[in-house]
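Here's the structure, in structure tokens; my notes come after.
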2 protein chains.
Amino acid sequence: MLEDILEEYKKAWALGHALALMGWDLETYMPQEGSKYRGEATAQLITLRRNEIMKLAEKVDRIDESKLDDKERGIIRVLRREIKYYRAVPKEIDEELARLTSEAFIAWSKARNESIFSIFKPYLEKIVDLKRKIAESLGYEKHPYNALLDLYEEGFTVDDADKVFSSLLPELKTILEKILSSGYYPTHHPLEDMTYDVEVMKKVNDEIINILEMPRSKFRIDISPHPFTQRISADDVRITTRYEGKDFRATMFSVIHESGHAIYELQIDPSLEMTPVGQGVSMGVHESQSRFWENIIGRSREFVGIIYPLLKRFLDLKYDEEEIYKYFNVVRPSLIRVDADEVTYNLHIAIRYEIEKRLIAGELKVDEIPPLWNDLSEKYLGIRPKNDAEGVLQDVHWSGGSFGYFPTYTLGNIIAGMIYAKFNVLEKVRERKFNEIKEYLREKIHKYGAIYPPKVLLTRSFGDAYNPEYFIKYLREKYLSK
Amino acid sequence: MLEDILEEYKKAWALGHALALMGWDLETYMPQEGSKYRGEATAQLITLRRNEIMKLAEKVDRIDESKLDDKERGIIRVLRREIKYYRAVPKEIDEELARLTSEAFIAWSKARNESIFSIFKPYLEKIVDLKRKIAESLGYEKHPYNALLDLYEEGFTVDDADKVFSSLLPELKTILEKILSSGYYPTHHPLEDMTYDVEVMKKVNDEIINILEMPRSKFRIDISPHPFTQRISADDVRITTRYEGKDFRATMFSVIHESGHAIYELQIDPSLEMTPVGQGVSMGVHESQSRFWENIIGRSREFVGIIYPLLKRFLDLKYDEEEIYKYFNVVRPSLIRVDADEVTYNLHIAIRYEIEKRLIAGELKVDEIPPLWNDLSEKYLGIRPKNDAEGVLQDVHWSGGSFGYFPTYTLGNIIAGMIYAKFNVLEKVRERKFNEIKEYLREKIHKYGAIYPPKVLLTRSFGDAYNPEYFIKYLREKYLSK
């Protein structure tokens, strides 16, 4: 029975494989005018994939879980989640959302360029409306936002999130104040203004990939406007970066960040390929991997020690190692999330979480967002946006209907902190034993794919789930001990 | 009714779009180890596509053609051809062929490397056997090879091919003898041994693309082991070339050749996209476009005149224009088809045509091929292969089951000759009016896509089909008038 399901699932898998490649190509090599038909083909394949999944629904319904092993139970769990979504959410709503979000993206771009929220407002209202309908269709306990959170982080709830932020926020405030008053970590570094030659920086990034020992026969790096990682198959995982010509940290850390995502996908047990569990388990766990590599490893003194000779040689740097370390760890409250350091980053997420939760609950109207955004910025970050472009309009996510996604960024930080607490990662970095780091992550997280729900996986491997205290301890150790 | 069919056809079209991109990616950017799952996904999508086409079969059967316009009739004709194939050829045969050809490719590579035909022989025997079964399943008039020829060149038969080769071969022999005895065109040029810097040559090719005014927003060029053109959609057509580091003609002419294919695909009427006729009509007509651009335009004195300053500047050439023209038009009987000039090229095809025709008729056994190949080489080219690698094992085609494909290369030359006879192309080249050349080809061939069968299209546009006399006239004018 399960065998039949897995054999039939290969069709959906193959469609997913094609969609993954089409998405990657869209952002990397597709000629500009190719987008119209790429959009058409993508919509058709999404429908075909949905149909293939729904053909399995009755068989999946009849499966008796008690007779299954963990892997098999995982397969059925993941399939049931997807089937539940398709049964609950009318196809028309998803189609309307797809149409709406592609228009909304254009409206949002214009609104942000002109810093006029009202251009985006009518689209956002419709999107919030549809997301609330989706939450109602899916059903939930306690809070409608739970239905949306669950789509990105299975089983994660408003109660969980409230607990996370209520312990995280005061701690972050204290840590930030201490860092700023000590003055050791700069709020600006001259290297932020340094320009670089793109061809030279490509070579630096290539060396970084060598240092991380990424497996070239299954991995590649390309350029795209927004860095991302795409799994095409167990043996084909690709990342991208971008080159802005200044502040070389940005492109370098996006390479390390995306490599963290890629290592996860590459280390999922190969026997899970072509099954529903052959993928990362959740956005939060995925983000923990990218942030573990980017922040905990990449911004450490130990890592600076390894890459310093390389940076000096290629970029002709006039600073010593400790200065590079400071450049990598500038801490300053700022208005733009994507430029935020690892201390203030979660303050940005808190703003979005508050707003999303109240919007989806129907407690907040869309036109009330901008003043609330600005008030929350002042409350958490101590600065107030001068306009909507550096406030409510800065992120693309809402134009794409991604409500419930932002909190997983904070979960990524928290989980990375949990791993840091359990594993002497910086010692391994000092010894350049990156393969031992990968091995640890493989055994604790990667190899399981989506077999266990994220809370179960984390509890099995670390004895705890979404507990922010380790992340706070990490920040204290790193920023307040020197 | 037709509207329903076209709406439903979009699924097959989208699957075709995905398969096209997956094929392109396989040859260009896919990490090496990605091939296993790419193969799995491709096989799944081919089956899904076949199923989507077959879902249309009954509706297509019921269509009354008399009520249709040309475009609609074309749509039904192309669908009926594909449906006929799926109904006639058992799925198992196609699947067996797919398995067999992927093994046969490996065996052929080994056989060619070691120059031992017997390594490839058992695979070739099975492939010939399957292709004969396919011919029987499809049915044919007069000759079983007709069933296979029709798959590449609709309506083209052994009678047509015999007529083509019987008038072409003696003429080519005479022309070749005269060229060799006159001695004006060299049999070897020192530039064939000149090495080049790959980065410099990439810039030359980029300039060639500018000269040809290829539309960059719908077109791109990449690198692959074997140059090819891939249509992804009406607004996304891609070519590749390769860089061997010497004999710069090779990479340059592959760019021009593939651009010829790409111009065809880019100029198909955009309203035909997402329909069965939104593609080139046949291999022969497609090849006529690539050869028209590569040989008739690219190897002309007029084109040399245009690109000479560019070549001189980038490659630091020590030869004058006429020497470059001679380098582009070296004529010599040789053993390897892909290295052949435009005069001797069709002699290579004649060898393959003779052998294929007799194999598929059951008049020739696989182990009789090598001596026959060598005899035919001596008969047509005046030289005898010293071993199987430079004889029967040189081409990949048979390992992939492509029986009936080779003759379309000659059709390409012949059709290019027909176009040359009707249009003052070299005058347009001299005036650098490449857009007028494109416009002519668009109106005569490209815009129709696959609306008309190739014979009908050619007769409508040129008053004749597959008539080799124009190509002969072209060769005589070019090579014997000076």
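Note that Cβ sites are derived from N, Cα and C of the backbone, with glycine treated the same way.
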Candidates B:E244, B:E273, B:E287, the one TrEMBL lists with B:H257, B:H261 as binding Zn(2+): B:E287
Under 8 Å by Cβ from B:E287 (Zn(2+) binding site), same chain, sequence gap 6 or more: B:T408, B:Y409, B:L411, B:G412, B:N413, B:I415
In the chain carrying B:H257 (Zn(2+) binding site), residues 6 or more apart in sequence that have Cβ under 8 angstroms from it: B:P227, B:S290, B:R291, B:W293, B:E294, B:G298
Cβ-centroid neighbourhood (8 Å) of the Zn(2+) site, B:H257, B:H261, B:E287 excluded: B:T229, B:E258, B:G260, B:H286, B:Q289, B:S290, B:R291, B:W293, B:E294, B:G412
Neighbour tally for B:E258 (active site, proton donor/acceptor), based on other Cβ positions within 10 Å of its Cβ: 23
Three-state secondary structure, which DSSP defines for B:E258 (active site, proton donor/acceptor): helix
